[in-house]
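> Okay, these came from TrEMBL:
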type: ACT_SITE; residues: Cys320; note: active site
type: ACT_SITE; residues: His379; note: active site
type: ACT_SITE; residues: Asp402; note: active site
type: BINDING; residues: Asn442, Asp444, Glu491, Glu496; note: Ca(2+) binding site
type: DOMAIN; residues: 312-405; note: domain 'Transglutaminase-like'
type: REGION; residues: 1-31; note: region 'Disordered'
Amino acid sequence: MSETMSTEEKKLPLNGRRAIPPNNSNDEENDVPEMEAFGLIPRGFNPRDYLRVVDIYMFKDPHEINKQQHHTDKFYNPKLIVRRGQPFQIQIDFNRPYNPETDQFWLEYLMGRYPQQNKGTYIPILVGNVLKPGEWGAKIIHRENNSLRLSIMSSATCIIGKFRLYVAVWTPFGILRTRRNLSTDTYILFNPWCQQDAVYLDDEREREEYVLNDVGIVFHGNIEDVKSRSWSYGQFEENILDACLFLMDKAELELSGRGNPIKICRVASAVINSRDENGVIAGSWDNSYDYGVAPSAWTGSVDILLEYYSSKQPVRYGQCWVFAGVFNTFLRCLGIPARLITNYSSAHDNNANLRLDFFLDDEGKVDTRLTKDSVWNYHCWNEAWMTRPDLPVGFGGWQVVDGTPQETSDGMYRCGPASVQAIKHGHVCFQFDAPFVYAEVNSDIFYSRRAKNGTQVVEKIDTTHIGQLIVTKEVGGDGMMDITEEYKFREGSDEERLALETAVMYGVKKQSTRDTTYEPQKDVDMDFQVQKAVLGNDFKVTITFRNKSRNSYTATTYLSGNIVFYTGVTKSEFKNHSFSAKLEPSSSSSFDVVIKSSEYMSDLLEQASFHFFVTARINETGKILAMQKAAILEIPTLRIKTKGELVAGKEMSVIVEFTNPLKQDLENVTLRLEGPGVLRTIKKVFGRIPMNSTLTWEVKGIPIRPGLRKLIASLNCDALRHVYGELNVQIQKP
């Protein structure tokens, strides 16, 4: 005790500004007296003469009324979990029948170490005759012998988190309270089913998807080759709710602010990454993942959140889809509707000037020394659904929040919430971080080179490459939903120009081309196509010129093939090929460049991403054509099948198979398998898989929940990453 006392004393010297220390931990508690005397207690006083609580029944089992009506029956959590602004029931058993004429009792809900009524952390509830919608209250709905059944309404704006419940009885000499009882603790969450809640969503199918679905799809790859994989959110798994509440404690969000989804999203976007205050996930983009798990190996959020909750140290490692996957779990777990978004060809613009600069040297090749901006093949963020009373009418609904550390916002690595509607219309003056998101989906690419006299010559401006496709998983299925139109008007439309002018007016920097000379090439078009190829095979790149003029031209053409991180940052150039192309008047001509597997295999990074730059100089006019594209190799998949009956409560077998397609052995191969409601995550390491051989792994498990569930597996080793497999399984009722 003395040890805890000394830390208390250290913590408590109060400063002159606050009467009580900050109340920002849902975990800490205060001592509540069982007898709160009004003054001196006479000698003959016996608390047993008064009404006394014998037992409290919470109706907290998954099949009982509270969890059924509040859509919380999927949580693996023995305590009562309800959603705010909606009535729930409890039963109190007294030592004798309750007499309303003489007996007086009330309920008290408390949170944190310093409960205060005006902060919403101490809530006394008197028993009345009516319940007002969306306000705290209680009424008796059934009386029998010594028992009362109460219906309790919580406020539609109350704090989210874990409350302690006490029942208090009035006596002439003081207040008698029930003992601290952990089993009556009550979690209160956001309520998208309640019209007065800030996160109210009016479509039942969308609520099923964006709040209750515990698996989702991450779209990755690139614009030419969209790929998808499943992700297990697992927001209802054991201890995940406590882990999510702990994140708010970790971010030191004042308890009184925890009813506000805007504040929660803002602090969560900072605490999801480890760049400030040792948040959940440490990012790593350098392809070496010693002492941690490679980002591509994770199959879901549960392992990450549970590891963080127990170790309190950042979990290694994540990249954008991992940050977004964990953030989605956090939001859905607390009851905020959320979805994971992928933006293809996403601009990481270091100074939000709506312009990505690629500098070319005299020969037309990209100058890697000067070029600092990059185009991510894709970038994942989240959208959360809420009203925005802090903004003008019309900017509620989906809000962008991003936990991937890219740039600082108000001194911390965080981003959002930014209204999608405000981004579409260019109203980037509205908080938070709208200019950054606007640039991610709307920047232009400038290809320029320094002429001999020192002036900058812009050779090409590409206005359509960035943010070409923005997608999320469809409601109720695994397909892709294109939501590009939610973020931007059609390229080239009047509305798009107007939105851009609005954004510029509100301070998004857009450099004019006045200080540079820009004379685009009109009479020759160039395009190129990368053949779809399987990892380990040769493929070709076809470059096509269309000469629209009546002149003959020769074009000195460079193709640079680079192995890149999915963020567009180059690791190494593996192909550098130049040739002279003869362009006949008014005709098209194509040229093939073959890429051999031996040229790229040794340096390949985990997402098997290539980036091709093709630049051509028309010798007769000196004009330069430039184009860039990302390409991805087909990576082999894992095959999953099941054996035996698929019945809840009975043992079943899951078999994972993989054939090594590479011309080399794979070493230190890690397999992971998980399925919410079917299997906890299981890992196994295999020493080596020889080339062309097949590995088979059998796992036994007992599914808990009936219904349609998903199994997700990943394979990972230094030579091969991003290998996934999945299987839908229908678990029968026993």
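Cβ coordinates come from backbone N, Cα and C, glycine included.
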> Across the domain 'Transglutaminase-like' (312-405), what does the mean pLDDT come to, as a whole number?
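Here the mean pLDDT over the domain 'Transglutaminase-like' (312-405) amounts to 90.
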> Given the active-site residues Cys320, His379, Asp402, which one's Cα is the least distant from that of Glu491 (Ca(2+) binding site)?
His379
> Centre the Cβ atoms of Asn442, Asp444, Glu491, Glu496, go out 8 Å, and tell me which other residues of that chain have a Cβ in range of the Ca(2+) site.
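Counting only non-site residues, the set is Thr463, Thr464, Ile466, Gly467, Lys488, Gly492, Leu500.
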> Looking at the active-site residues Cys320, His379, Asp402, whose Cα is closest in space to that of Asn442 (Ca(2+) binding site)?
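Comparing Cα positions, the candidate nearest Asn442 (Ca(2+) binding site) turns out to be His379.
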> Ranked by the number of other Cβ atoms within 10 Å of their own Cβ, which of the recorded positions Asp402, Asp444, Glu491, Glu496 ranks first?
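Within the set of recorded positions, the most crowded position is Asp402.
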> When secondary structure is assigned with DSSP, how many helix, strand and coil residues does the domain 'Transglutaminase-like' (312-405) contain?
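Helix/strand/coil tally for the domain 'Transglutaminase-like' (312-405): 15 helix, 41 strand, 38 coil.
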> Can you tell me which of the recorded positions Cys320, Asp444, Glu496 is spatially closest to Asp402 (active site)? Compare CA atoms only.
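Closest recorded candidate to Asp402 (active site) by Cα: Cys320.
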> At the level of the C-alpha atoms, what whole-angstrom distance separates Asp444 (Ca(2+) binding site) and Cys320 (active site)?
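That comes out at 22 Å between the alpha carbons.
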> Who sits close to His379 (active site): which same-chain residues at least 6 apart have their Cβ under 8 Å from its Cβ?
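In sequence order, the residues whose Cβ lies under 8 Å from that of His379 (active site) (at least 6 apart) are Cys320, Thr342, Asn343, Ser346, His348, Thr404, Glu440.
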> Of Cys320, Asn442, the recorded positions given in the record, which has the fewest other CB atoms within 10 A of its CB?
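So among Cys320, Asn442, the recorded positions given, the one with the fewest Cβ atoms within 10 Å is Asn442.
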